[in-house]
Amino acid sequence: MIRSVVRGFGTALPKRVLTNAELESMVDTSDEWIVQRTGIRQRYIAGEGETTASLGEAAARDALDKAGLTAADIDLIIVATSTPDNTFPATAVNIQNRLGMHHGFAFDVQAVCSGFVYAVTTADAYIRGGLAKRVLVIGAETFSRILDWTDRTTCVLFGDGAGAIVLEAQEGKGTVADRGVLTTQLRSDGAHREKLYVDGGPSTTGTVGHLRMEGREVFKHAVGMITDVVVSAFDATGFTAEDIDWLVPHQANKRIIDGSAKKLGIPLEKVVVTVDLHGNTSAASIPLALATAARDGRIKEGDIVLLEAMGGGFTWGAVLLRW
Ligand code: ACO
């Protein structure tokens, strides 16, 4: 059986760090409020010349280097983003060109904060279906450009960045002892649209718009949706919480991360947390956290890694893989 195995990983962050202390001079907030409610201490903000495509390109180059590959070895690029450089063409095609890659194909997926989980699921389906052998899966965002910087309830939460992995087709035995993606579980429910959305778009206002969120409502649904989809991943593989070596959650809020881990019975020592450093980088948050823990040696070959996310739509999902 063909499995999608992680062969490389990479990250990119903008140069500029924005601390909670700096935010205190921009809106009526405090470091204490932000840390207590979210766990966020700082985030990175894209400056002039830094875009979703430039950050995505840098993360892709890092991942290719780690894999010992070049763009010539890739046949598909999938970019998860809600903050594309342009309405079209896709940011994935932009990154393809920046990498000097003129073969294969590239497209974006849009599932807000669940984007990376959706993109990995899509890449895995293409690989197992024989349509691609090596896929660059990138999560890249510049949420700073769709924030209302006068709205303290949202502008303190988000940041910019990108992460990438290379998924490669490798032969497995078809058991959960295989390396690679073992199960993917996706869900969405558009009834929750108004709780987290952007109030503009090409076909409605003809503008880009700003992010709007009912934070308390999102919070209320998050833990339940995340645990539900993770239980489906456990059911599909026969794994339990005890089998998980590393939980790499979407980094929206430390309280949601802790609440989900507790409900699932996964000890906090096994949870990768980067929300304090990056804020919520939407589709980029999981690959940023994943690469951080792989680079510092926490995630090792053979480890069982659980990815999960929930975001605008609502969309939510989980991926279980063996590193
Ligand atoms: N600084 C200071 N005070 C603030 C701030 C701020 N930045 N923002 C809101 N407040 C105030 C509110 O006005 C309110 O004041 P009031 O009581 O006088 O009305 C008070 O703080 C409490 O506000 P709540 O919204 O009830 O605060 P809550 O404890 O729910 O925390 C938060 C807010 C952090 C947004 C929380 O609801 C949350 O984390 N929600 C989930 C959001 C999230 O994770 N979204 C992303 C997931 S999906 C995705 O990643 C796209």
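In case you wondered, yes, glycine gets a Cβ from its N, Cα and C as well.
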Which stretch, out of 46-50, 186-190, 206-210, 251-255, is listed as region 'ACP-binding' by TrEMBL?
251-255
Per DSSP, Asn280 (active site) is which: helix, strand or coil?
strand
Within the same chain, where does the region 'ACP-binding' (251-255) have neighbours whose Cβ lies under 8 angstroms from its own Cβ atoms, ignoring anything closer than 6 residues to its ends? I mean 6 or more beyond.
37-40, 113, 157, 219, 222, 273-276, 278-281, 285-286, 288-289, 310-311
Give me the Cα-Cα distance between Asn280 (active site) and His250 (active site), rounded to a whole Å.
8
Helix, strand or coil: which one is His250 (active site) in, per DSSP?
coil
Between the Cα atoms of Cys113 (active site) and His250 (active site), what distance do you get, rounded to the nearest Å?
7
